[in-house]
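**Student:** Taken from TrEMBL, the feature domain 'EamA' covers 21-153, 165-296. According to TrEMBL, the transmembrane segment annotation covers 51-71, 83-102, 108-129, 136-154, 160-181, 193-213, 225-243, 255-274, 280-298.
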Amino acid sequence: MISLKVSFIFFIEVNKMKGTWAPFLILLAAVLWGTTGTTQALAPEAAHPIAIGATRLAVGGLFLLCLLLLVGKVDFRNWPLKTTVLASLSMALYQPLFFSAVTITGVAIGTVVAIGSAPILSGFMEWVYVKKRPSVVWWCSTFLSIAGCLMLFMNKESAYVDPVGIVMALGAGLSFASYTLVSRGLVETYSSLSVVAVVFTLSAIWLSPFLFVFDMSWITSLQGMGVSLHLGVIATGIAYFLFSKGLTHVSSSTAVTLALAEPLTAALLGVFVLGESLGFTSWLGIFLLMLGIGILIGSSKKPAGQKELKMVQE
């Protein structure tokens, strides 16, 4: 109960923040996402990655729904059903697609293709549907960040390219890009907390069958409960609220590129928490990631107009 009250106060304070903080809210969200890999590494051996993903959304959706009820601003009148379903399906699809891609074609290839393709797909979708052409600065920072991501992961293991795994990784990147673009429109009209609470509750429902397919006995252990709570409350509930709040002042393409801070965080946690070692190429990749993200933050401006809102609700 105490943690719920603390979270309530945190959400209220974040809501008061000005638009100039938007890029940093998205960065903080990406940092929290970056803890998922380390947390999963500490999960019980019986925990299947897809089951962890389904549990993550279930716990996160329930947590956000409780906060929404605590705030007392629950009004679903005139809520855009089609847009909400699209956002929830995009988020739900991301989980099994990403984990399957990593399993089939390896962590390095799966992560690089999924995370690296998301900014490009997001920029392309924003260009086609919103009629907003990405800036030269965005292209430069995105290129640096993706190159950094490539150098960071491709140095860790021998590359094995599986066509099915590549398709799934691209599907994961497309799912995240779609979720971001659609959510960008929703948060222009509805509160960020309402959007993430509704979307993630629906996403959890879509993935609920996986909870009955895989062995879930691991969740009853203290270790399993700790992993589930961290992934659900911190790496999903709080993280995606911050991401959605940042989306009210940042374009979807910029947000997805800033989200590349996730693999940066994961790599640093691997070094300082799990005791992993990185070679020169990986450290150079970290530098390029930080450089690309830094350039984008320095050039970020509040987007004008409501084009994304109109597009996603049509």
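From the backbone N, Cα and C atoms, a Cβ is placed for every residue, glycine too.
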**Student:** Between the stretches 83-102, 160-181, 255-274, which wins on the count of C-beta pairs under 8 angstroms to the transmembrane segment (108-129)?
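**Tutor:** Looking only at 83-102, 160-181, 255-274, the most contacts with the transmembrane segment (108-129) come from 160-181.
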**Student:** Apart from its near flanks, which chain residues at least 6 from the ends of the transmembrane segment (51-71) lie with a Cβ under 8 angstroms of it?
**Tutor:** 4, 7-8, 11, 36, 40, 43, 91-92, 95-96, 98-99, 193-194, 196-197, 200-204, 207-208, 210-211, 213-216, 219, 227-229, 231-233, 235-237, 240-241
**Student:** Taking the transmembrane segment (280-298) as the first stretch and the transmembrane segment (160-181) as the second, find out whether 3 or more Cβ pairs fall under 8 Å, excluding pairs closer than 6 in sequence.
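**Tutor:** As far as Cβ distances go (cut-off 8 Å, pairs 6 or more apart), the transmembrane segment (280-298) and the transmembrane segment (160-181) do not touch.
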**Student:** Which sequence-distant residues neighbour the transmembrane segment (255-274)? Criterion: at least 6 residues beyond either end, Cβ under 8 Å.
**Tutor:** 23, 26-27, 29-31, 33-38, 41, 111, 115, 118-119, 122-123, 138, 141-142, 145-146, 148-149, 152-153, 176-177, 180, 184, 243, 246-247, 282, 286, 289-290, 292-293, 296-297
**Student:** Residues sitting near the transmembrane segment (83-102): Cβ under 8 Å, six or more positions beyond its termini, same chain?
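**Tutor:** For the transmembrane segment (83-102), the sequence-distant neighbours (Cβ-Cβ under 8 Å, at least 6 residues beyond its ends) are 49-50, 53-54, 56-57, 110-111, 113-114, 165-166, 168-169, 171-172, 175-176, 178-179, 182-183, 185-186, 195, 198-200, 202-203, 206-207, 210, 312-313.
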